[in-house]
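Engineer: Positions annotated as active site, nucleophile by TrEMBL: 2. The active site, for Fru-6P isomerization activity feature in TrEMBL is assigned to 603. Annotation source TrEMBL lists domain 'Glutamine amidotransferase type-2' at 2-216. According to TrEMBL, the domain 'SIS' annotation covers 284-424, 457-598.
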Ligand code: AGP
């Protein structure tokens, strides 16, 4: 979603703002803008890409020592130049990420005082509100503090004022924002990737924090104005990790990074390491003790990881598991049980619905919380008793790939840790699972070698308007993930069904124009699945089957088979999702869609 960059330095900061925005493009946006102070306030906005904004800045030969910049993902008001940030009130400019829930009330009050609104955004209300506070105090920092105290909702903001050219003010509540402490200046941005160009020293702001940035110093206060110190971290994020390198798209790069991402995530058990609750934090044994059930809360792809985990945890650790879509759970009247382990899964750790669902679960008295997350300092990680950080590295493509498989690896460890604590895991079984987990990166590498064949399938697919994905057992969520990937990046309408459900309705959709993709591992449900596939074939549906070696499904007219290298037992879902990721990627390439930044979507969904 929206991205923010703020800079104040001894050098020209315009290139820093633009490069920061380029690094935030992956978050998803539809317009971009910046404002700088150089004697006077200059604002540039574009209802297009950052490249267009950069061209505008070049044409003006823009140069300044202080500025704010923004990529906007539309919430209030259509994507347009008029609604693009920064928004201005008098000589004051504001960029904002988040949603202000009480902006209508604020707007009405400000309009009554004579403020004129030129956009449909909630952000413009923030600009005018701060401006109105400046009538009562001459201090910009104090005016921002007073204004933010009236905001209900989520925000990360950057503020500049013509009358106060030697400092920029930033503040956050609910939306991500961090400071960058540079040699020649001070910076703020929505994530570290935007600031690696100038510094590795970062300070994560907490909810309610406000910071004043000057060229050579910064200070942070709480919402009530009390000064506060926040730790300076040295980011270990490598600049290469956010570069495309030899790849055409981030999604492709991230699909092919999966063996390494899994190896990094599973490093804890490399060599002689066994299964231990300690993988989830020092207090894990204490938190897991007496757990009677598991509740998984997540959205999108992360939700699918939770659905796979349900099969594993129930089968192996023998604990009942409920998996809920976070945006539903947070508003549902559920029956809380304090002996529940609440597991929140999120690649970004900033997903507003997942964070709110977690807070809701805690408010119901469920304090045994675990985050499985890819971003160590994210809001979700800071809210849970325990955490497991997947080591997938930055995921830039909007379509989640390596985050998913590493989430599954984390869940495999959790399943075994809970089983071990409950006396459900024999030493021999533990060893067997450890061997399989250690071999997983190699097994994934072999699946990636199927790419040329999948590419051929994708050619046939790209002309279709609909597709059905089928799976059974723990591979049903994999079918769901395959359908999500296809619709997300190729815009082909896709649905996933538990194959046994086919004849209860969706079979009516099957004809020669409806490709049916079957996830078909060599497990105890294979014979059942084969019957379901016959049902499709009998209706003229064309089948694309991802079968394991030994699945013995013969290729025939209308039945295309791709054999996976090996059957992988419990971890088979990790392998079976890979060809589905590749299929979507190549279908999108044929269709010519914007693979890494699909229309209407954002990487990290920081609003409800
Ligand atoms: C995945 O391809 C999606 N872009 C989306 O469903 C994503 O998984 C979802 O928004 C949750 O994000 P999170 O893992 O960062 O919480």
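Numbering starts at 1 and runs along the chain as displayed.
In case you wondered, yes, glycine gets a Cβ from its N, Cα and C as well.
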Engineer: In whole Å, how far does the CA atom of residue 2 (active site, nucleophile) lie from that of the residue listed as 'active site, for Fru-6P isomerization activity'?
Structural biologist: 10
Engineer: Counting by DSSP, what is the helix, strand and coil composition of the domain 'SIS' (457-598)?
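Structural biologist: The composition, in the requested order, is 69 helix, 32 strand, 41 coil.
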Engineer: Quick one: mean pLDDT on the domain 'SIS' (457-598)?
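Structural biologist: Average per-residue pLDDT within the domain 'SIS' (457-598): 89.
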Engineer: What are the DSSP helix/strand/coil residue counts across the domain 'SIS' (284-424)?
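Structural biologist: Residue counts in helix, strand and coil order: 62 helix, 27 strand, 52 coil.
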Engineer: With DSSP assignments reduced to helix, strand and coil, which class does residue 2 (active site, nucleophile) get?
Structural biologist: coil
Engineer: Which number gives the other C-beta atoms within 10 angstroms of the C-beta of residue 2 (active site, nucleophile), all protein chains shown included?
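Structural biologist: Cβ-Cβ neighbours of residue 2 (active site, nucleophile) within 10 Å number 29.
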Engineer: Can you tell me how many other Cβ atoms are located within 10 Å of the Cβ belonging to residue 603 (active site, for Fru-6P isomerization activity)?
Structural biologist: 27
Engineer: Please report the DSSP secondary structure of residue 603 (active site, for Fru-6P isomerization activity), reduced to three states.
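Structural biologist: DSSP assigns residue 603 (active site, for Fru-6P isomerization activity) to coil.
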